[in-house]
Ligand SMILES: Nc1ncnc2c1ncn2[C@@H]1O[C@H](COP(=O)(O)OP(=O)(O)OP(=O)(O)O)[C@@H](O)[C@H]1O
């Protein structure tokens, strides 16, 4: 293999700088090894790796035959449009291999040092390896120049900053700092050039720049670019590190927290134990396929969620609600009707027809083995035992009891729940009831169905969906979003009056009326139920306190006249509490409560026996009404003021129907008076009032009462004493039937009225009443207003007499 040493041609230049042979020991012919990544610069020890059979051969030849000298040149990017596109740049660096370390079969790592720049003179051989004749140069001597020195200082400072940003280069920093020599700027620049990274053609340009001043400028600009990038890189790294650190810190703290919890024996709240708990709640329950599918899907979702995310809590609450529901769990029914009768009797006095009704209903349920069918609606005034009947039904069947009121409920979502997307969403009342009952067949009592409001959505139709046996098998609560079978629930509803219950709801219900109690019943209830219960609640033995018959009579008559017994119970509680105090202070053990003691303990009676009117007055008649509070009596008052122009005024918050019946009454009375020659209404301003003025009233059943008030006003003859009436009046004087005969009779008894007038068509209703209600009452039945007059004003004076 040829090895040549020639003298350089002094006319040849690189970038205009003269080149000359400087070191006769450097070979003129070099085996060329191509570099693909970047050029190398003279003046440093450098390891390099070469791969490929050609290169390995070249290295072998160089090491074995040429003292390890090779020429390292950068490969050009292939660029077909460049006419000069030879494969390699023509300026490279001579490198002497000192050590070869094989790395596998096709790679070697070599250790050596970079010595000097060279330039291709000509290609002398291509096979088996490429060999060039090259030219070396002597670095031109540089004069001390302050500007160059400034550049060198800038380079050294920037390279230090650059290397400081990259901890991997700490070693090199130290090395470079020791090697920096401002006397030999060319050498220093080359050393630093080996450390910087930039695009390879920029670095090649640096290699080919002979002029030191120009080279230092180019190097500085490369370093500045790199410094910029390194700074950005370092900032990004810091941010990432910060993020990672925060996460690690949180993770660490959480781990500690759960360790502390474990130590304290508190529950473990990791996702796994939560899902385990949820799944274990489902044990023994039978989810229908649709619900199972949704449950499984949500459970899988929960497992994949971060326990701290809000979504996790929403899903967890949903799953816990689902798992907590009594899917397929039923309490066994006690199918014993005589036991049911015993329980109803044990809990309630009287109410025989109500109990019969309920027992028939229960017998049907027992026979059918299912509750499907109509729903019982218990209608009656407050405190008559509607709720406690419901409780007894549950007890008789051995079912769980749950009660909720829909009074004033305006929002459909209270019944059907909120969609899960709402914050704080929860199931509606029905699913809550099922959840609390822990069985799929409880007794659910829906209270105050007559006071259902309307607002958002339609609560009435939601309730209809719940109560309708056709639909409630697949009741879908918005929150659960899967059907829950409500068809095994025994629904009961309660109301004070029927009129305000939406029609479609009434149609689905079987109405059972509780009319309210008369005084005697209330006394019995007090003796047999309320007093023993209150004594027990206050820690008295049953025989420690006795109430005299007179005291109970006085109590009911003067303090608790309403249809129900809740107020009576309240008054009894007050008395017994006072006895508790008395006992505590005096150690007395036997108490007998007398009427005087009742007055002493409860204060002045709320009701008096004195009537509003000591004796009957013309124009004032007592009517019978049926209100949400039960049967009641109410006065109708008429007064006339002599006037030139006749007029008619109505007050007392009367509804349209009642106003119309007042007009009918007036027209009718005027017509019969005019026949009798009485022209009272032609020269009087008449005012008709129905107290209590603040209570709204409506309905046609005060027709005859108003007519009698107007009649007696015009004739001046007062109605008979101790008389009350009810009946609708037509324009021709016929008397039409009314509702609530029982309640009205009870209401009249309560205030001690014993003569009553009912429409003829209500005769049977009255006769069917229990004897104890009719006892002492004289009922008259009127088909026409004449019949009313026959009873109400006796002896009857001619209507033509004007007062
Ligand atoms: N016939 C009765 N025998 C024994 N106790 C009774 C009877 N009727 C009512 N009570 C008692 O009176 C109290 C009030 O009854 P309850 O709460 O059932 O009334 P309610 O009709 O549901 O009233 P509301 O319409 O206001 O809800 C209860 O303590 C109940 O046990």
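These residue numbers are counts, starting from 1, taken along the chain as shown.
The backbone N, Cα and C atoms fix where each Cβ goes, glycine too.
All annotation found in TrEMBL is predicted automatically rather than curated by experts.
Confidence in the domain 'Lon N-terminal' (30-227), given as mean pLDDT, stands at 81. Residues or ranges marked as domain 'Lon N-terminal' in TrEMBL: 30-227.
In the three-state DSSP classification, residue 383 (ATP binding site) falls within coil. The ATP binding site annotation in TrEMBL covers 380, 381, 382, 383, 384, 385, 386, 387.
According to TrEMBL, the domain 'Lon proteolytic' annotation covers 615-795.
Annotation for residue 701 (active site): spatial neighbours 623, 624, 625, 626, 726, 727, 728, 738, 739, criterion Cβ-Cβ under 8 Å with sequence separation of six or more. Among the features that TrEMBL reports, active site is placed at 701 (among others).
As annotated by TrEMBL, active site applies to 744 (among others). Its Cβ taken as reference, residue 744 (active site) is surrounded by 29 other Cβ atoms within 10 Å in the chains shown.
There are 23 other Cβ atoms within 10 Å of the Cβ belonging to residue 383 (ATP binding site). Highlighted in sequence order, 378, 494, 514, 516, 563, 564, 566 have their Cβ within 8 Å of the centre of the Cβ atoms of 380, 381, 382, 383, 384, 385, 386, 387, the residues recorded for ATP, and are not part of that set. For residue 380 (ATP binding site), applying a Cβ distance below 8 Å and a minimum sequence separation of six or more within one chain yields 386, 496, 513, 514, 515, 516, 563, 564, 630. A gap of 12 Å separates the Cα atoms of residue 744 (active site) and residue 381 (ATP binding site). By the rule that a residue counts when its Cβ sits under 6 Å from some atom of ligand 1, the recorded positions 382, 383, 385, 387, 701 yield 382, 383, 385, 387.
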